[in-house]
Ligand code: C2O
């Protein structure tokens, strides 16, 4: 951000003061940060807006650790409302209390208060990220979370440099107001632009004031590890650099079998690690991040892009007077490149890490879609996007009612869940239908019979060490978006993905038990399904939700309770001393 005040530049200095004892290949260190969350003015497209940031930065500071380190982050909340910070993808083995999921693992840190998150990072290497986890605040309160290998060795040639590529959105609308509108079933609001590392890019301008682009400086012949993270509230993105190709080497903090491609697809919540070799003739090349979306009759959003630049050392400022090559992007309505990209990835076969459970103790079949409830106290109302309804999002036709004054983990731990949640999350949809029939999108008319739903806080409880298989089925109920499903506290094996309705007889043959991807965010294809498996080895309360912000706010969420195992080593310890219980300061809602 260009307009840093004195105060915020001072705050930046604080982040740099990481009290890490860096020991390469040596003992685990403690990496300590102070995050001051505050309001700041930012000017884009001729307007100055108030935004919410950490330490004066958008995106926020990078947390950079070595596998095995302990992370300590002091969050000081200077906003006029509460917030939490979630460490997206960090497994939090036996440290569920530090997960930072608002109203799930903790109540928001009230204005003027502070909270310390303390957790270990073990068994993960690559890219994760962190973000605010209440309302829509994660649009500007986010940053990269890098985990480096302890022995300093990658399963690929060590890159010259690594660079987070954070794809996000620029919102002029206040994020708290946006949240209020989405809760009311209104998703007509849109960001003004896509961003790459906070830059709108030079395709955006207003009154001939061109927006700044993200610039990646490279040297010919060197290789770069790009950590591509999607922090956007709304869209999946295609990312391409003219004249260059990528080798995908990791995702969500786990290595992948190297996969060559000329385009990366990244859904909200995903982090994709790619190697880009600067092997083109030294010059300037454009990079583009382009949001995709389903074609009509799905509700349409504007085209979002951000254009950046790859600049070779030695190339002249005007690129020798030559035009800068532009990457050729797919049509924004073509979602097939996303399907192929995701389906082509496999885990880097590792005997320790790829022991897929071959038996299944519990099976869930979960449909993902929209629905509607009647406004006011009415029990009947006109459907099909009528103003008499509030559009909500569902899993197995339940729209999650997010608690607003208490945290689920606390209630579970204290045994005081009565009146807060029930444990009857349905393990299959109430009635089967042709999930991917395009006639379920308004104007319909088939959706009318299927869209009525209800709000409830229904969770699913698992015994420790249960092997769970979930088939996620994206539906076309009222819209046909994909669904990037994110499970806290776990990396799950992604066994297979497919288009259309999941058919057990035909589709289990596609399951990859040998080297599936390990992911914390699984992109369930548009009009398709994804099959995952995991073992409940991490006790606690774990949020499961779609990472599209309007889906989560509208209720495409639930939480998994994982019971304690038989020993202290397999049980959730009591809350740490610094943990603050809900309602301690009379403030619980942002
Ligand atoms: Cu990025 Cu609930 O997560």
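Placed from the backbone N, Cα and C atoms, the Cβ positions cover glycine too.
Feature annotations, reproduced from TrEMBL:
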SIGNAL    1-28  signal peptide
DOMAIN    37-151  domain 'Plastocyanin-like'
DOMAIN    162-292  domain 'Plastocyanin-like'
DOMAIN    425-564  domain 'Plastocyanin-like'
REGION    565-590  region 'Disordered'
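Using DSSP to sort the residues of the domain 'Plastocyanin-like' (162-292) gives these counts of helix, strand and coil: 9 helix, 67 strand, 55 coil. Confidence annotation: the domain 'Plastocyanin-like' (425-564) carries a mean pLDDT of 97 in the model. Residue counts for the domain 'Plastocyanin-like' (37-151) under DSSP (helix as H, G, I; strand as E, B; rest coil) come to 6 helix, 58 strand, 51 coil.
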